[in-house]
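**Q** Quick paste from Swiss-Prot:
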type     : residues                                                : note
ACT_SITE : 339                                                     : active site, proton acceptor
BINDING  : 7-10, 21, 80-81, 138, 152, 167, 224, 311, 328, 342, 353 : UDP-N-acetyl-alpha-D-glucosamine binding site
BINDING  : 106, 224                                                : Mg(2+) binding site
BINDING  : 356, 362, 363, 381, 399, 416                            : acetyl-CoA binding site
REGION   : 1-226                                                   : region 'Pyrophosphorylase'
REGION   : 227-247                                                 : region 'Linker'
REGION   : 248-433                                                 : region 'N-acetyltransferase'
């Protein structure tokens, strides 16, 4: 077994946000959560080092993950990546296992498989990337697959600048290596910080073997700005789309479809152009038509859209929800709502037809109220159902009706005033003085 230490103490100033960098989302999930999931898939001893807004991050993590061991970096004494794994007197964070994997919290694209080459090393090891354009990165000089030295770009000579091998920021150490060399680490540099790369240099000086393990560039993309966050999200979207299509989901123009990590599919599903699936959604044997938005909802044996919006807690089964229909906290069973309706805080029974422009008036300015509609109900266009209201089964509601009282089963309900036609009324109205 191994222990994992995740470094999440940085301010993330380049994000230009009051939200801690590691809580910025990638496909609906805080980026830190992705790496915590990977950590727990390979270890039962996971440590998280915090500083900036640590209570906010700790609260978010604790709601989702159990067993994370939190540490506060002592930045006043030990700043930098090397300082992050230091306790008082420069001793390393105590871990349960002899092998220690060190990861950065801003790498949400890391997978268990991507880490495998590093974890198979029997020596201390550092993860490397081979970059076509390594400009801006320190170079890693190799000799017989071992790290010889790490040179910062500003200190590299012309020959060293041609090297494409750079530090991925991922390390796999023996605990005794940390115990031996961490106390020797110093902050005698321009930034007055302790660096993990200097730890590598100390090990090389002490004749330690440091394996160089090349890793997949895409999986170790660091997120330090909103531009990099967007790039990481696009890569994650490609993974989620591929996973869905591998399950048999049909996607029309996949690049236009947005879905989040919590979305699940069952049966035969079709997603048309511009669909957005947000939060924990279940799409089962359903067709989501163009430019529809589904949030925290279940769509089962139904068609939705185009241009429909299922807001949170909508459960749409065996139904058709058409153009510009919005639902929220709505349970539809065998219902047809073809166009231009708002159905909120309601339950609608089988074989019910909702005409165009029908609104469930669920909010009275203070509280939300529920509308219950039975089976075999026909609701005429442009009707308003003022909640709380209970409509029985086998009910016919005339077009343009405002319902304010319960309707018993078998009833016809109308509330329109009689139509009056005034002869020559047009000419009288527009008569010039």
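Glycine too: its Cβ is placed from the backbone N, Cα and C atoms.
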**Q** Summarise the region 'Linker' (227-247) as counts of helix, strand and coil residues per DSSP.
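**A** Looking at the region 'Linker' (227-247) with DSSP, the answer is 20 helix, 0 strand, 1 coil.
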**Q** Which one is it: of the binding-site residues 81, 224, 362, 381, which Cβ has the fewest other Cβ atoms within 10 Å in this structure?
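**A** Counting other Cβ atoms within 10 Å of each of the binding-site residues 81, 224, 362, 381, the minimum falls on 224.
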**Q** Work through the recorded positions one by one (21, 328, 339) and point out the residue whose CB has the fewest other CB atoms within 10 angstroms.
**A** 339
**Q** What span in Å does the acetyl-CoA site cover, taken as the longest CA to CA distance among 356, 362, 363, 381, 399, 416?
**A** 23
**Q** Take every residue in the region 'Linker' (227-247), average their pLDDT values, and give the whole-number result.
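**A** Overall, the region 'Linker' (227-247) comes to a mean pLDDT of 98.
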**Q** Say we define neighbours as other CB atoms within 10 Å of the CB. Which of the binding-site residues 7, 9, 356 has the fewest?
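**A** Among the binding-site residues 7, 9, 356, the lowest count of other Cβ atoms within 10 Å belongs to 356.
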**Q** Below 8 Å Cβ to Cβ and six or more residues apart, same chain only. Which residues does that give for residue 152 (UDP-N-acetyl-alpha-D-glucosamine binding site)?
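**A** Listed in sequence order: 138.
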**Q** For residue 21 (UDP-N-acetyl-alpha-D-glucosamine binding site), what is the secondary structure by DSSP, using just helix, strand and coil?
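**A** Note: residue 21 (UDP-N-acetyl-alpha-D-glucosamine binding site) is helical by DSSP.
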**Q** What count of other C-beta atoms do you get within 10 angstroms of the C-beta of residue 399 (acetyl-CoA binding site), across all chains shown?
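**A** Total other Cβ atoms inside 10 Å, all chains included: 15.
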**Q** Between residue 9 (UDP-N-acetyl-alpha-D-glucosamine binding site) and residue 399 (acetyl-CoA binding site), how far is it from one CA atom to the other, in Å?
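**A** Cα to Cα, residue 9 (UDP-N-acetyl-alpha-D-glucosamine binding site) and residue 399 (acetyl-CoA binding site) are separated by 61 Å.
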